[in-house]
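What follows is a short report on a single structure.
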């Protein structure tokens, strides 16, 4: 484990990326979700999430992220940000040594909250967090129980408030991190939501990354599919957009246009918890540095609204006169796709 952790330090910078980091410069406002959406991917794609790193496919089971060859890292990236909130994803993790399924919340300041499933082990999920892109010390990752995660549909939840983060597996709280326990590295700035699959075991990766991912990937045994049935995303703040008031990156400096930070925080009490897990089996698991899914930047080559070619969601806010529906579709106000 010590060797893996040491090797990982060499890729921390390479996998950490932000189109505009508000810690160092003035950046555009982040388009806010400001509500709750419940997306059924079995009904097809929605324009509040865009593809990056590959091409997800859709069928009656939902959306599939397949890793079939070197360089594949298909993912969906939200065009919106949440400022504290809850993300629930019902999914089956991808199998295969070296294959990683990921659910990532990441901000422009490189705050990050992760859940990652290793294809070489169908019994656990790794939980992790980062503040402002700082990878060291490599002591934040935990392996938490998630049995039969490649064969069963399981709902995973990240519930994030100013005071604590709780990770859930199928109604069981498997880990809680408080603000004070984070030792100054607590994630606290507006986050995009990303999920998808990639190959940590690709031969082009550093040895530490390959070891962490469970060994080298044998693409001849693929494709390796991660499947997501649905995603429910709740923003605990309200408004049209979130703006950094200064370069501190603290949540108290974040401003909401047309709403309030923590304006929907009462919704954080709506979870039904059926059990609480025992302590993690590996309290200080070796962990990959921050950076999203396979080191991919949050870029997209998708054309048409809300994208204007290659770019980031932050540069394409929801236009005036358009609204988000509860199903996660962004449509003109008064359009026939908007339900009463």
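The backbone N, Cα and C atoms fix where each Cβ goes, glycine too.
Counting Cβ atoms from all protein chains shown, residue 112 (active site, nucleophile) has 24 others lying within 10 Å of its own Cβ. Taken from TrEMBL, the feature active site, nucleophile covers 112.
Note on residue 116 (active site, proton donor): other Cβ atoms within 10 Å of its Cβ, all shown chains, come to 24. Feature annotation from TrEMBL assigns active site, proton donor to 116.
Here TrEMBL flags 20-27 as disulfide bond.
In the predicted model, the domain 'GH16' (6-228) has a mean pLDDT of 92. Feature annotation from TrEMBL assigns domain 'GH16' to 6-228.
Here TrEMBL flags 315-340 as region 'Disordered'.
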Site of maximum Cβ density within 10 Å, from disulfide-bonded residues 20, 27: 27
Inter-residue C-alpha distance, residue 112 (active site, nucleophile) and residue 20 (disulfide bond) (nearest angstrom): 16
Residue 116 (active site, proton donor) to residue 27 (disulfide bond) - Cα separation in whole Å: 29
